[in-house]
């Protein structure tokens, strides 16, 4: 086995970095194809709306192009006046007429801008909705093996984050692109009509720009694709970390997980840095070509005017202004190109899954559907290995028969192939060889949906969904003849199934009966209640075949007994296959099959196998808990010391209400004690300031951005002065005209050179900022979320899927603000300011009137639009959050979905949520667009004002023609700048909202945290643990007490067991000892010092936790075990192999690990999917043992293990735990704790009995009855 994989990992990362340097795929044609395909998801109605929007955008662009015609006539009118060819009154009359044209043009632009922006944005939501629908539909059709390789949650995240990117590229930016292209073409058409020779010369900028766009687009597409690939892997890892947050807290590996996440981010950052050169070259070449075109137009235009090629002086101005309009619109396409490329790349990732053909398609209608089911199942020489581990055979020529109407039980070690049989019967996988038959029909020839409707599964961990009890049980009717019957008839069937599952009684006692909401994943129910609802859901359709995979292993003895009676009743008359480690649950089976390494060791009935005295008999002896065991003498010291610590004042409450969420008919609503949505909304200035303040390492780059912006911001005032100079020289002689014209053309070349430098700096620097910020904010986002108290994760809106989406999408939204867009926003703002100052400087009267009466309302409406956009984006995100949770729930529990054939119903529910969100956003969307339309049209109205008033000043000789033109063109370009500025409002608001959330998250005060006071406080020997009058309620349900004045003491070297019914507070004690929460009242003391006084990080170094459902991370076995070390000075790959090996041997895991092809280097996959349940649990136990903890907490640590492994592991825990350390174990399988020094029997948040196993047996109380329920002989 390799001692280190650091070299392998470094080489892999560097290899990917090298590959990213020169992209070889994703050419512009691929991006264009993906972008074009997006619109195939528009219906006829949406296509008609988009066609109308496109026409409106084109007409709006044409309106922009008509400006030069009006300005050209205006120049002719003014020059006629200055050459005394018209009177002042004629000038004023003509000015009024031309000003009205601007007013009419403004009205047309308002209407057209409103139409195209509203319709494109609306249809973008619909198209994105349709793509998300198809994406989830395709995901639900995939075979289960597909999800073994990747993460279901990352699939759900892609639906959200990639959907946002697609929407961003096909909404208002698409309309602006149509408008820009139309303005470009129309402007050149007008210029051709006015002066075709000059226009033909100027047209040379078009092919040069297209070449730049094509080359840059190819590089951008390739790099963006690579970045998305890496970010997708990063999302899988962040999902793993967030779904295992309790483990991350318990072992204080939050920073280690963030560092591992950072490895992916560093890879993406490296690839993204390659875009700096691309962006710098792209934007600088684009703007340089444009200004070179200006210079060429001036030079040639003046020559033609001086030589008689152009007669009207206004014509040259019309052509030049047309070129400026066309070029300006062309340069504005550059940032849209980035959005279109990202949109196409994001879409192509979704299309990959949409186009993927499932190997086992649950929605395929083909296949035989026999008219009736008898229920006989045959396995004939079946061999199988999981696709992710093809070299490891799980079943080896396996053959068995499950007789119709009989109960067949499968027992054996973890990893022996028992659960694989369930997976093959459900057709989650196909065998490599051999056949599986149902009533003589090979199951691969049967209709898959029909098969699964007749084969129902109850799993160890029941998956329930957000909704009511009725909704969850009714899911079992999906695809049956009762699916569409009236609710009253469905309710009858649901109640019958619940009664048979022994669930009707407790459901009836819930606040709203069957219409009671059960919370996210049934979080407001106990384990026993959830399991009984799951049984009712599986039996409501009256299936012929029932599969029970460890259906009672997670339950306490009382709940187990109730559920087992429900299962026994459900099995009557059905073919039932039971997988169980608790042998008491299968003693009545008609046939018990003992498995080992994919083969059958022995089979028979319980009595016949006992008589054979083989492997099964040995398992029975190990698990037997006979109550006739000799009673030991009680420890008088323990009784005298601790009797006073036991509170037994309270008796059980209403039977059947064993969930903490439903005590005493308490309401089920989660109280909002902290309004997580009401966080401070900073404005854009505050957001940018804080981002600048928190990234001091980018000061030099920010300086470059500012330099580029200042240089870029000087272009519009420079244009205004140069164009005014053109008008000023029109009356000069031929020679002097050409000399001045050559000089002015040279000045445009100087401007072009300035743009080449400034925009290269701007493109390079803004991408550098964007990549660095994206890296830092993603890392900080995951870090800040992982630092939150556990109550943060208890909230429904903070589900794993929602948080992963936030980690991915919020930084991306901020990049829309702080990338190249911020450069354009700053340039537009500088242009707006400098052009206004220029107007005031050259004609204070004209400048003052236009600035106050024109620019002020324009800027005000733009600010209003930003505010409305911010609210709209915030509300939209909230509306879509429910659909995102549904998608995440579905793909992360794909086995439950497929088993219940719920693909169509889940998709319908997802679609319904999307449609409801769409319906709710219509009105605000069409309201917001009015403010956008005003920002796009108001410039014409104050240009009309400036033109009309300026001509009046000119006619009364209150301003010179040169000053007038400088002031007027200053007004013209400031209006254009304002219009451009507010085109980025949607990007600004998304970034501001995302930043506000991240700031709130970062600043959120946590209850359990390291402070200046406790930072050095570390517990010493940890000889005693005391719980003094501890009362506790979960923060989200403070009215429901979970612990009611608990008094308990532990001493060093003691093994303490906590037993009792589900929901009685056992696991809560574990959570308090881990300091996941603090007691509501009372105190927990470590060596007589309050637990809250210690640094939680230093305290947890002395504690190790093994949970019922083990959390493993998608790294190697070696790294997962090494995560248990409390030594922060070494990385997981620097830990000695011998240390890892010793821990694995102690956890009875070394044999199976060493048998794997890659040994310790084996990657366990997302959530440990590459290992069996027992194997995962043993890795988790090894992780705890390597920590050598002073306090070892075991919360149902061996419930997933077979009997042999369980005994070996318990022996290992006893031998491996710190000799004088404290062990606290929560257990439902009482055989695992009978050797405990102290057994505490919990009920209703209090201790009802306490003592050793034999003491409590002798009392004949609650514990004795629990033991009787689990006795086998």
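A Cβ is built for glycine as well, from the same backbone N, Cα and C atoms used for every other residue.
Since the structure is predicted, the reported quantities are computational estimates derived from the model, not experimental observations.
Residues annotated as compositional bias 'Basic and acidic residues' in TrEMBL: 1-17.
Sequence annotations record features per position, and here TrEMBL assigns compositional bias 'Polar residues' to 641-651.
For 52-342 (among others), the entry in TrEMBL reads domain 'ABC transmembrane type-1'.
Under the heading domain 'ABC transporter', TrEMBL lists 377-622 (among others).
Residues or ranges marked as domain 'ABC transmembrane type-1' by TrEMBL: 704-990 (among others).
The domain 'ABC transporter' annotation in TrEMBL covers 1025-1269 (among others).
What TrEMBL lists as region 'Disordered' is 1-25 (among others).
What TrEMBL lists as region 'Disordered' is 627-663 (among others).
Positions annotated as transmembrane segment by TrEMBL: 52-78 (among others).
Residues or ranges marked as transmembrane segment in TrEMBL: 98-122 (among others). Long-range Cβ contacts of the transmembrane segment (98-122) within its own chain (Cβ-Cβ under 8 Å, at least 6 residues beyond either end) map to 49-50, 52-54, 56-57, 59-60, 63-64, 66-67, 70, 73-74, 77, 170-172, 174-175, 178-179, 922, 925-926, 929-930, 932-934, 936-941, 943-945, 947-948.
Residues 53-54, 56-62, 64-66, 68-69, 116-117, 119-120, 124, 198-200, 202-203, 206, 318-319, 322-323, 325-326, 329-330, 332-333, 336, 340, 983 of the same chain sit 6 or more residues outside the transmembrane segment (174-192) yet have a Cβ under 8 Å from a Cβ within it. The transmembrane segment annotation in TrEMBL covers 174-192 (among others).
Counting same-chain residues at least six beyond the ends of the transmembrane segment (198-223), those with a Cβ under 8 angstroms from any Cβ of the stretch are 20, 23-28, 30-31, 188, 191-192, 271-272, 274-275, 278, 281-282, 285-286, 289-290, 292-293, 296-297, 300-301, 304, 309-310, 316, 319, 322-323, 327, 330, 333-334, 337-338, 341, 344-345. For 198-223 (among others), the entry in TrEMBL reads transmembrane segment.
Taken from TrEMBL, the feature transmembrane segment covers 275-296 (among others). With a threshold of 8 Å between CB atoms, the same-chain residues lying at least 6 positions outside the transmembrane segment (275-296) that come near it are 201-202, 204-205, 208-209, 212-213, 216, 219-220, 223, 320, 323-324, 327-328, 330-331, 334, 338, 712, 715, 719, 745-749, 751-753, 755-768, 771, 820.
The annotation transmembrane segment is assigned in TrEMBL to 316-338 (among others).
Under the heading transmembrane segment, TrEMBL lists 700-723 (among others). Through the fold, the transmembrane segment (700-723) approaches residues 287, 291, 294, 298, 317, 320-321, 324, 692, 744, 747-748, 751, 754-755, 757-759, 761-762, 764-766, 768-769, 772, 822-823, 826-827, 829-831, 834-835, 838, 965-966, 969-970, 972-974, 976-977 of its own chain, all at least 6 residues removed from its boundaries and within a Cβ separation under 8 Å.
Feature annotation from TrEMBL assigns transmembrane segment to 743-762 (among others).
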For this session: Quickly jot the same-chain residues contacting the transmembrane segment (846-864) by Cβ under 8 Å, restricted to those at least six beyond its ends, or write none.
Result: 832, 836, 838-840, 931, 934-935, 938-939, 941-943, 945-946, 949-950, 953, 959, 964, 967-968, 970-971, 974-975, 978, 981-982, 985
Seminar exercise, completed: Within the same chain, the residues 6 or more beyond the ends of the transmembrane segment (316-338) and with Cβ under 8 Å of it are 61, 64-65, 67-69, 71-72, 75, 173-174, 176-177, 179-181, 183-184, 187-188, 190-191, 194-195, 198-199, 202, 205-206, 209, 213, 216-217, 220, 279, 282-283, 286-287, 290-291, 293-294, 297-298, 301-302, 304-305, 310, 719, 723, 726-727, 820-821, 824, 976, 980, 983-984
Exercise. Is the transmembrane segment (961-982) packed against any residues at least 6 beyond its ends, judged by a Cβ distance under 8 Å, and which are they?
Worked result: 71, 78, 82, 328, 332, 716-717, 719-721, 723-725, 727-728, 824-825, 827-829, 831-832, 835-836, 838-840, 842-843, 846-847, 850, 854-855, 858-859, 862, 865-866, 932, 935-936, 938-940, 942-943, 946-947, 950, 953-954
Problem set entry | Per-region confidence, the domain 'ABC transporter' (1025-1269) (mean pLDDT, whole number) | 84
